[in-house]
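Accompanying notes for the structure given below.
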Amino acid sequence: MPSTTNTAAANVIEKKPVSFSNILLGACLNLSEVTTLGQPLEVVKTTMAANRNFTFLESVKHVWSRGGILGYYQGLIPWAWIEASTKGAVLLFVSAEAEYRFKSLGLNNFASGILGGVTGGVTQAYLTMGFCTCMKTVEITRHKSASAGGVPQSSWSVFKNIYKKEGIRGINKGVNAVAIRQMTNWGSRFGLSRLVEDGIRKITGKTNKDDKLNPFEKIGASALGGGLSAWNQPIEVIRVEMQSKKEDPNRPKNLTVGKTFKYIYQSNGLKGLYRGVTPRIGLGIWQTVFMVGFGDMAKEFVARMTGETPVAKH
């Protein structure tokens, strides 16, 4: 009887206190990710998705022609920083809390990781991504106007014009596609990373919950999960097309996710839906290493330094 009681006690999932330092940690991690390799990969990926006739090398050359090395960091300050600081905090906090809730319901690490990531991704999209993706579109429009010889408007002027003409719906254009992208992104990344992590534990014999993976094992699991999550590239191409300001007389009006999918498939076939998948895989690996791999290690570091227990492990 005592052994049964001890086993039950060992299996109890403790409720971790919500830590403000953990929310700030999410913002700092994403800011670090986007300021290093994240933004260059994002710019190349978006260029390929918007110009589906470009190869990877043509996209790299095109971006370089728009400002050299600085061309790869267009939109970083302030728009990508605003997006990174808000979406990182939301993702890390919400997904951690959701994963704890799902584990409390009896779900295993893999299922809890997927559902925690999905919950964090959807919340991320509707809470922060509408404004941020609008600002990115404004930045792209400003550069296109300048390169075409027109008088470039300020970002805020274009933003005001969009809001004046289309209202809230205009500045949140494509938000449903963003929500689908985010929930499949982070559901895949957290779930696959946890699945790989469980496999590593079995191979290395670290089956006890108190056994820690070393940094290389943790980053390897995170990177593999991030790379595999690029399976949903079609929804990313759809998102770019819905928010693109590129003039195209053939593009249908009042685009929905379904209409955009049909248009891209008819225009460019299946290859068009996967345009930009190479930099996307690189971006997925880079983002996941930061948010999942370094995130877990950084939370443990914060706990040692501040005495606050991190919310949960993703």
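Each residue, glycine too, has its Cβ placed from N, Cα and C.
Just so it is clear, the model here is predicted, and its values are computed rather than measured.
According to Swiss-Prot, the features are:
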DNA_BIND  246-259  DNA-binding region
REPEAT    18-100  repeat 'Solcar 1'
REPEAT    107-199  repeat 'Solcar 2'
REPEAT    217-301  repeat 'Solcar 3'
TRANSMEM  23-44  transmembrane segment
TRANSMEM  77-97  transmembrane segment
TRANSMEM  111-127  transmembrane segment
TRANSMEM  178-198  transmembrane segment
TRANSMEM  218-238  transmembrane segment
TRANSMEM  273-294  transmembrane segment
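Beyond the ends of the transmembrane segment (178-198), by six or more residues, the same chain brings 91, 95, 99, 109-122, 124-126, 129-130, 133, 213, 217-218, 220-222, 224-226, 228-229, 231-232, 235-236, 239, 257, 284, 287-288, 291-292, 314 to within a C-beta distance below 8 angstroms of the stretch. The recorded stretches the transmembrane segment (23-44) and the transmembrane segment (273-294) share 3+ CB pairs below 8 A when only pairs 6 or more apart in sequence are counted, and are therefore in contact.
Distant neighbours of the transmembrane segment (218-238): 45, 49, 52, 177, 180-181, 184-185, 188-197, 200, 257, 260-261, 264, 272-277, 280-281, 284-289, 292-294, 296-297; these residues of the same chain sit at least 6 beyond its ends, with a Cβ under 8 Å from one of its Cβ atoms. Outside the transmembrane segment (111-127) by six or more residues, the chain places 86-87, 90-96, 98-99, 102-103, 175, 178-179, 181-191, 193-195, 314 with a CB less than 8 A from a CB of the stretch. Counting residues per DSSP class in helix, strand and coil order gives 3 helix, 0 strand, 11 coil for the DNA-binding region (246-259).
When pLDDT values are averaged over the repeat 'Solcar 3' (217-301), the model yields 82. For the repeat 'Solcar 1' (18-100), residue counts in helix, strand and coil come to 71 helix, 0 strand, 12 coil, using DSSP.
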